[in-house]
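Undergrad: Taken from TrEMBL, the feature domain 'Major facilitator superfamily (MFS) profile' applies to B:46-440. Sequence annotations record features per position, and here TrEMBL assigns transmembrane segment to B:49-70, B:111-130, B:137-157, B:208-228, B:334-354, B:360-385, B:392-412, B:424-443. Summarising the annotation, TrEMBL assigns region 'Disordered' to B:470-510. Summarising the annotation, TrEMBL assigns compositional bias 'Basic and acidic residues' to B:487-497.
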Amino acid sequence: MEGRRGGGETHSRSGEVVARMRALKATVNGSRRTARFGGRPCSDSHPDRYVSPVSCRFGRNGGRNTTLHSSTHHTFVQLTVKALLYAGVDQINVTWAINQSLPGATVSAYKKVKVSFCYAPASQADRGWRKTDDNLKKDKTCQFMITTQPYATAGSVAYTVERSIPTATFFVIAYVLDSEDAEVAYGQSTDAQKTTNLFDVVGITGRHASLGIAAACFSAFSVVALAFFFVVEKRKAMK
Amino acid sequence: MEDSGKSSLHVESSAVEGGHFKLPVDSEQKATEFWLFSFAKPHMRAFHLSWFSFFCCFVSTFAAPPLLPLIRDNLNLTTTDIGNAGIASVSGAVFARLAMGTACDLVGPRLASASLTLLTAPAVYFASVINSASSYLLVRFFTGFSLASFVSTQFWMSSMFSPPVVGVANGIAGGWGNLGGGATQLIMPLVYDLIHHIGSTSFTAWRIAFFIPGFMQTLSAIAVIALGQDLPNGNYRKLEKAGDKHKDSFRKVFYHAVTNYRGWILALTYGYCFGVELTIDNIIAEYFYDKFNVNLRTAGIIAASFGLANIISRPGGGFLSDWMSRRYGMRGRLWSLWVVQVVGGVLCIVLGRMNNLSASIIVMVLFSFFVQAACGLTFGVVPFVSRRSLGMISGMTGGGGNVGAVITQLIFFKGSKYSKETGITLMGVMILCCTLPITLIYFPQWGGLFCGPRPKATAEDYYAAEWSEDEKERGYHSASVKFAENSVREGGRRRDSSPAVPADDTPSHA
């Protein structure tokens, strides 16, 4: 997450932005009014019941895909993803769109859109290095960037899950950045409690058969060397 | 000085049964001088072999912490898993150090140290194929056993170097070994970067990196066994077969170690200098990373500087011990140990209260100097506690160090009961409390912190008391007698010079 940079104004602006983010989270939580981003979470118990259907694009491996929405009528972030993704192999497609009808949005300030993988609470439990913090400078929830694109009212990306992504549960956030790379708006592919529409990634192990063989050989060498020297010692003492 | 009449027995003998020695030696053929840059056989060679193999063991034991940001994602570890593995890494050595002490007494430091190092090397190699929290814990647990080679290092130095320089020898060997805990925080990320740069993915590169400490361990152990020698005169087995060295019984050695209260006190106090050092090795990088928001590499460098202070701090403690002994004898050794460790405790309390990054680093560096010097000072006293059970006493003290690390991490640094800074402050308070028992140590022939020596007590009596009349008749205690003679200096300087002392100070006492 990029921190906020800028002049003296930054403090009040940052405070303002942070507060706004918090307010956003609050509205997503309980309000009936469609919030600027996010909105009512959709149930994933009937994955084929879209509220606003959009075309699904299949991942590289085909198979059954689930289209996830983060709002009913005003889609902000949307994913097409398998339930279980293998790092380095599978692909996800992310689309997003801006809900321009919400008040208070200063669209003229929006310059870039940054889309990231973020850890779900299950993968943050007992792991302080992935903690969520309302101050985005200290926030460590989203550690893997999918893409950064110039601002447009809608966009999409097809992303092959990189091999550096570890085994964990994720969701996707899209941040809108201004010209100073400060976050001014966001949308996420899950609800405010981050409980629905999460997906799992199975990371690579990094193990290779050759490593195991090398480890076994060097271990055997160490033990055999010890036995050898013991025998030599005994012989020397006998003389 | 009652012992002074016997000091005329000390002959500068470079050519005795056994051959020429490059360094000047005493009646036990232990070197009376310490030449750091020499590899002369057998004394200085033993020194270099032992500190380096101990260094390699420390590098392996603490090889995982600097790479944790990768390992924890690869293996999906939680903070609890990491904490448990940290405790496991230092708990194995508690009993291993005791066993090591016995092994040294019975088969000699060379074989004991090489066996341990070669048998724990597989744990390091197999760290490259772990894939779960439990396998991570097991690998760290078994690798941690290698820290027991500390005991063989100290035993070996105490066998090769005479009392006037034993503090320096023990201090440098121990300090340069402990250095491994700091060096590894620099070595492992460097090796990882290199391998990653060559082309491996990150989750494979860290695995390959573990082969480096593994190789170092295997090679250093082979060097110890091939090039080293237990005693100035030869190796244990050969000497025993020739009848020059009596093969002692484990039961007797054990009995004389556990019934000596000084060993227990030193075990406790060592837990609060060395144990604290191990605890800090495990937590300090994370502490700076979280509290001051520095990046990982900076946190690693700060963490490394704590361990790197060992280059001079622990040897400094050993040197101070020997220097104080020249003026004030054993009482000087005990006083300096107590004062230095108390200052270390105070600095630990202060460290937990620092809220500014540079102040925190300065206090941490000062703290590292004092706490590591206290370790060196402790092993300036240990060689004198017992002669017959030297290995076991060294093992108890060393094991006590690890017990301190386990207890401290369990009470203050497991889970989130205390914030890290509160934990550090409370650890400092515990250091102060557990250092008090040093005031209770008393040697009849030399005195203690607050009391002078008993008028008629001698070092000969003290060390000979460890042997029965029967054994004394058979001459088994001859090594102890020689040792007592060489410990004459521990009585300190006397104001009135006795006529029995030769005019020019005997050359064997540097």
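If you go along the chain as it appears here, the first residue is 1 and each next one adds 1.
Note: Cβ is positioned from N, Cα and C throughout, glycine not excepted.
Note: TrEMBL annotation is automatic and uncurated.
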Undergrad: Looking only at the recorded stretches B:137-157, B:208-228, B:334-354, B:424-443, which one has the largest tally of CB-CB distances under 8 Å to the transmembrane segment (B:360-385)?
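TA: Answer, by Cβ pair count: B:334-354.
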Undergrad: Counting only CB pairs under 8 A, let me know which of B:49-70, B:111-130, B:208-228, B:424-443 has the most with the transmembrane segment (B:334-354).
TA: B:424-443
Undergrad: Using a Cβ cut-off under 8 Å, which residues of the same chain at least 6 positions beyond either end of the transmembrane segment (B:49-70) come close to it?
TA: 82, 85-86, 89, 109, 113-114, 117, 120, 124, 127, 136, 140, 143-144, 146-147, 149-150, 152-153, 156-157, 172-174, 176-181, 183-189, 192, 202-203, 206, 209-210, 213-214, 216-217, 220-221, 223-224, 227-228, 281-282, 285, 296, 300, 303
